[in-house]
């Protein structure tokens with residue numbers, strides 16, 4: 001791939017250089033830190049759209065939850081909105097119930113700060129959410145060590161996997177007039193794949209083009225991970241994982257995909273740009289002293305925050321960011337309606353991830369969808385981020401630990 005991406009002034013070569021030499025080595029280190037490696041997820045939520053067609057029985061689909069003893073004390077003690085030391089003191093551990101009522105109030109805080117915390121706990125930010133978030137208090141929600149459950153090809157495929165992506169594209173995505181996609185494996189064979197007319201963006205506004213590209217980029221990203229970490233053979237019970245060039249060709253070669261493959265890969269670059277832009281925009285939220293990536297290990301927490309801020313400095317130095325101000329810029333009423341449509345479509349896609357039959361695929365699908373949803377939430381909250389108070393919890397904009405972990409790991413993927 002070479003050249004300029006559609007709908008932005010950025011070229012592929014610049015993204016490759018920037019990512020390879022500046023971002024990737026640091027983001028990889030960050031993902032290995034305790035704060036970012038443990039993700040709480042509910043893999044037992046029922047599919048809200050169709051009767052569950054059974055879970056994948058392949059052993060590589062299984063996700064190994066983390067034993068309580070392995071979770072860092074600061075992460076285990078915290079509820080969804082607690083990310084600072086102030087919100088995780090030992091008195092609070094003794095009285096979890098009271099802490100939950102107050103939304104993580106430290107008894108040493110001033111009354112003014114207490115009120116801010118209570119307001120924060122009350123503040124209903126569901127209007128800003130692009131994702132259906134798991135209830136972390138559910139008994140089915142478990143911590144997963146992402147380093148021990150890597151994303152890779154498990155053998156999950158066929159009608160069940162096809163139905164998930166088909167539902168995303170056909171029912172929840174604004175899309176170009178014609179895009180080549182494999183036909184329904186449930187339908188009787190008609191001999192060949194049939195002809196598809198030329199790709200056309202006619203009548204699709206910028207916002208809807210962006211939405212389609214993000215979903216296509218997410219799909220390409222997940223497919224690339226599966227091709228790059230594929231079960232090549234299993235001898236004497238010892239699996240060998242590695243890149244599968246044949247599978248990559250099947251999914252991305254122009255000849256195999258009627259010219260669609262390179263466009264899918266370009267959409268992956270576009271997804272990268274959007275998440276990169278979100279990281280550069282959210283920096284002021286984390287630059288405040290009140291935000292501490294708390295695990296209970298002071299030295300590690302300080303190093304994690306320093307590394308995160310270093311990554312933010314790099315993201316700000318990138319000179320060809322996507323300009324999100326060009327989106328939803330029409331008349332106020334129309335723009336608001338379109339933004340809400342955009343948000344609800346994406347929220348539905350996040351719910352479809354609960355229909356994925358393979359636990360490992362569901363884990364990484366939910367995480368990457370939530371990461372993208374968090375990026376969108378950031379991009380549409382610029383004013384709130386700019387007006388954050390320096391030394392007290394933020395009422396107008398906040399991120400849960402889950403959203404922070406999802407954002408960093410999705411961008412890392």
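Any Cβ shown, glycine's included, is placed from N, Cα and C.
Neighbour count (other Cβ atoms within 10 Å of the Cβ, all protein chains): 23 for residue 358 (active site, nucleophile). TrEMBL lists 358 with the feature active site, nucleophile.
Residues annotated as active site in TrEMBL: 361.
On its own chain, residue 165 (FAD binding site) has 219 as residues at least 6 apart in sequence with a Cβ closer than 8 Å to its own Cβ. The FAD binding site feature in TrEMBL is assigned to 152, 154, 165, 216, 219, 251.
TrEMBL lists 56-61 (among others) with the feature disulfide bond. The number of other CB atoms found within 10 A of the CB of residue 61 (disulfide bond), across every protein chain shown, is 19.
Per TrEMBL, disulfide bond is recorded for 358-361 (among others).
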A correct count of other C-beta atoms within 10 Å of the C-beta of residue 361 (active site) gives 25
Sequence-ordered, the binding-site residues among 152, 216, 251 whose CA is within 10 A of the CA of residue 361 (active site) come to 152
Residue 152 (FAD binding site) to residue 61 (disulfide bond), Cα to Cα, whole Å, comes out at 9
If you measure between the CA atoms of residue 251 (FAD binding site) and residue 358 (active site, nucleophile) and round to the nearest Å, you get 20
Filtered by Cβ under 8 Å and at least 6 apart in sequence, the residues in the chain of residue 216 (FAD binding site) near it are 263, 264, 267
